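Peer 1: In case it helps, Swiss-Prot gives these features for our protein:
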COMPBIAS  1-14  compositional bias 'Polar residues'
REGION    1-20  region 'Disordered'
TRANSMEM  29-49  transmembrane segment
TRANSMEM  69-89  transmembrane segment
TRANSMEM  120-140  transmembrane segment
TRANSMEM  156-176  transmembrane segment
TRANSMEM  188-208  transmembrane segment
TRANSMEM  236-256  transmembrane segment
TRANSMEM  267-287  transmembrane segment
TRANSMEM  307-327  transmembrane segment
TRANSMEM  355-375  transmembrane segment
TRANSMEM  384-404  transmembrane segment
TRANSMEM  410-430  transmembrane segment
TRANSMEM  437-457  transmembrane segment
Amino acid sequence: MALDSESSASNRQGSRNEQDTNPRLTAALCLTALGVVYGDIATSPLYAFREALHNIAPDSRTPESILGILSLIFWALIILVSIKYLLIIMRADNHGEGGILALLALLRPWRGSPQHQRNVLIVLGLFGAALLYGDGMITPAISVLSAMEGLEVAAPQLTSYIIPATTVILVLLFMVQKRGTARIGRVFGPIMLVWFVVIALLGLNGIIHHPQVLVAVNPYYGINFFTDNGWSAFRVLGGVFLALTGAEALYADMGHVGRAPIRLMWFALVLPALLLNYFGQGALLLLDPHEAQPFFHLAPPSFLYSLVGLATLATIIASQAIISGVFSLTRQAIQLGQSPRLTLVQTSSEEIGQVYVPAANWFMMIAAVWLVLHFRSSDNLAGAFGIAVSGTMVITTILAFFVMRERWHWNILTAVAVTVGFLIIDLAFFSSNLLKITDGGWFPLAIAVFIFTLMITWQQGRQLLIQRIHKETESFQDFLQRIVTDPPVRVSGTAVFLTIHQHDTPPALLYQLIHNKALHEQVVLVTVITEEVPRVPAAERLEVMELSSGFHRIIVHYGFMQSPNVPVALRACETLGLKIDLDTTTYYLSRASLIPTDERPGMALWRDRLFAFMSRNSAWPTAFYHLPPEHVIELGIQVEL
């Protein structure tokens, strides 16, 4: 049955790819794009313009400076989101999937690249992924908090309840993650459709009262803003960037709905609605440059309570999108061998992409609640926002250069010109955000360094462990020859041994033979390989090889968006001529006990200890490979690092 569901998942992916090139996209798919993809960037009007203006002294908030900031927001949305992400970066899909790890896998730096290039790509990709974890903690905090701050305008007497209410909403949001979003996700799209229509109408109303604001589409005002304000204009870029914080999510979430629906909804609805609202806020600020909450003051007083409620729903949806994105990113990292095995819970029997990661969920919840309690306002929290996403954008641009050259075969001049053009803008935003380090920007950087250290240590430690075991293990060819020469006693049943190296004898097999002096009649060696593609169709999943003396080798292929299920794979082997009775099958696993030491070459001792700690606390292979616990025997081995 699980195999059938994977087949149907592959079929859904195939039909989605067909829709991706079909101009007659369904309304349902476009609504899904609104709910899944656009939540983050949709809620930026709550705080982006306000925070950009806060970097200007009150006596310098002239009409020219307001128009200058508005012009910067306009052209940033056009150049970075519309052109860079929607038209260029989203072409770099890995069999329909996007995101920085999918982009890294697309480049396949593990195979054939020069050593220095391989190291640079892996470090960039892993650090970019690590930065997104910081974004996953800050986005829920600042989004929900900024929505609740609408109470300051609607009901000033309720201001003292903003922090407690935000905390309660965040805790509830993270607590319901284990139930999945399959049901409530269906209403996300319609809610976001209402949100975009409302913010567009609010902005249009502001523009009608002050249509002169439309001159800000002229880039002259943005350029003039820099020439007139100098250093303070550079600081403003950190606030302007908040209008772009959901751009990376457009690429990361591409696998959910496909490229075409995302592009269609951006140009048909999302971009016009955002621009109307930003220009409406600009019109309001031209009339009152000292307005503290320009977004909420666009609404008539009678609509404020409804707007606060709608904004809260929109920010919850935005938070849900980034939380789900972190879960998906974590699964990719685990399957690609860049993270320890963590418990993964499939929350939908229909959508293979919906997964819940308890460890990541509680870590993000604690961090988000701490951020709210520590910073206490979205103004203060804005200092911590932006660094993670702007850093990821820089890394995405660099990785995209290699895609242009190696995958799209662009000539060097075109690739360099496009990359340098985007990098100049990306680095300007990133540098401006670095000025926020003392105001809270240290938090996402600290989280990124912490996560990156874990990921790079796990990856290198795993490689060292595999090398050490390989050196100390008998080749399977020699082992098989020994079995033929001196046959052991055979007992009924099937023994399954999981092995990483196809040409090595699994340590558990050696120890089982030494201690029991016998082998099962049927011995199956299983190697699970995670390919650098999101999904491997069920028809291409298995390779079955008959060896000799009752031995078979099975190679099982999965994509990095799939969860391995060894019993299901073994059951499917019957279609390839190998029948395995799962009721009489015993699974033998090797459990390595790691001994950190500084006597061997490799990592520093503290990293050896960190790797050993992660290995001890990673999810058991029994659960990870969906093995029945009552049929599993683990044999321990000691390995010096």
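Glycine is treated like the rest: Cβ placed from N, Cα and C.
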Peer 1: Hey, does the transmembrane segment (307-327) touch the transmembrane segment (236-256), meaning at least 3 C-beta pairs closer than 8 angstroms, sequence gap 6 or more?
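Peer 2: In this chain the transmembrane segment (236-256) contacts the transmembrane segment (307-327) - 3 or more Cβ pairs sit under 8 Å.
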Peer 1: Taking contact to mean 3 or more CB pairs closer than 8 A (sequence separation of 6 or more), are the transmembrane segment (410-430) and the transmembrane segment (355-375) in contact?
Peer 2: no
Peer 1: Could you name the stretch, out of 29-49, 156-176, 267-287, 437-457, with the greatest number of CB pairs under 8 A to the transmembrane segment (307-327)?
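Peer 2: Checked against 29-49, 156-176, 267-287, 437-457; highest Cβ contact count belongs to 29-49.
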Peer 1: Using a threshold of three or more Cβ pairs below 8 Å, and leaving out pairs closer than 6 in sequence, do the transmembrane segment (384-404) and the transmembrane segment (267-287) count as in contact?
Peer 2: no
Peer 1: Does the transmembrane segment (69-89) come close to the transmembrane segment (437-457), meaning at least 3 CB pairs under 8 Å for residues 6 or more apart?
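Peer 2: Contact absent: fewer than 3 Cβ pairs fall under 8 Å.
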Peer 1: Can you say which of 29-49, 188-208, 355-375, 384-404 has the most Cβ pairs under 8 Å with the transmembrane segment (156-176)?
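Peer 2: Ranking 29-49, 188-208, 355-375, 384-404 by Cβ pairs under 8 Å to the transmembrane segment (156-176) puts 355-375 first.
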Peer 1: May I ask whether the transmembrane segment (69-89) has at least three C-beta pairs under 8 Å with the transmembrane segment (355-375), counting pairs 6 or more apart in sequence?
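Peer 2: Counting Cβ pairs under 8 Å (6 or more apart in sequence), the transmembrane segment (355-375) does not reach the transmembrane segment (69-89), since there are fewer than 3.
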